[in-house]
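This report refers to the structure that appears directly beneath it.
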Amino acid sequence: VVCLVAYHIFFMLFVWSYWKTIFTLPMNPSKEFHLSYSDKESLEREPRGESQQEVLRRAAKDLPIYTRTMSGAIRYCDRCHLVKPDRCHHCSVCDKCILKMDHHCPWVNNCVGFSNYKFFLLFLAYSLLYCLFIAATDLQYFIKFWTNGLPDTQAKFHIMFLFFAAAMFSVSLSSLFGYHCWLVSKNKSTLEVFRAPIFRHRTDKNGFSLGFSKNLRQVFGDEKKYWLLPVFSSLGDGCSFPTCLVNQDPEQASTPGGLNSTSKSENHLFPAKPLRDSQSHLLTDAPSWPETAAKADKGKLGMSNPALTMENET
């Protein structure tokens, strides 16, 4: 009776989480990130380069966007005609931008992103428990099979196949589940592991990490009673995320060395050394392309400045 109850609990949770992973539609950027009709026309009229970046900067000035492309340009999707939110990527299979996209999974025929990442993790966890439970309860009969302790019927081959299938799936699922647990602990996605997010100041592979507890709650939510159930409880809206990076305080009088950290003579585009903060602060909305610095760059590099060219990324 205990084995039957445990089996059906694991099976129902496994099916439930698998169903939610498959049929939960990936979330797309809200309408605020889509270009207006006039901005689209302006973008099409302007040649590629600084003029197009000016249109995108104007469209994104009130948006909570703090990551850039590798060349420092605004992240823009020319297929969806929108400014990409942080951690958003365009899926070539779904042909649309997915919020906090992790990867497109062929096993569930769906994109794994902000809306169903918790379901995907629970699916891995419950499928692993399901396979381990089957392998454990079948182990004694599998041993009897090799010691000729079972009746000579066709059922003994079923026992052998069931044990090998459950054991092999357990090995593969444990490695995949362990990898995604590590991603959750570091607040990373699979795409961000291969290509670290680029902030206004520099590339930082741990820019979204807030510590283990906050990283866990960002995926599973604040209410622990929902953590083990395939019910959506993730924090945020998928369009903006807290980060451990903050800009230097512009009103800071001096550095420990007595030098003015906001001296105009230094003329830095970005803070030289971003500060770390244990709180869940968003990046301050300081302009990343000061007009004086942009004009200076234009005078030095002309229209071929790679930091001002529009760059599309998937």
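Quick reminder: no glycine exception, Cβ is built from N, Cα and C everywhere.
Listed in TrEMBL for this protein:
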type     : residues : note
TRANSMEM : 6-25     : transmembrane segment
DOMAIN   : 74-193   : domain 'Palmitoyltransferase DHHC'
TRANSMEM : 119-137  : transmembrane segment
TRANSMEM : 157-179  : transmembrane segment
REGION   : 252-314  : region 'Disordered'
COMPBIAS : 252-264  : compositional bias 'Polar residues'
Counts of helix, strand and coil residues, the domain 'Palmitoyltransferase DHHC' (74-193), according to DSSP: 66 helix, 17 strand, 37 coil
Other same-chain positions with a Cβ less than 8 Å from the transmembrane segment (6-25) and lying at least 6 residues past its termini are 105, 108-110, 112, 115-116, 119-120, 122-123, 125-127, 129-130, 133-134, 137, 228, 230, 232
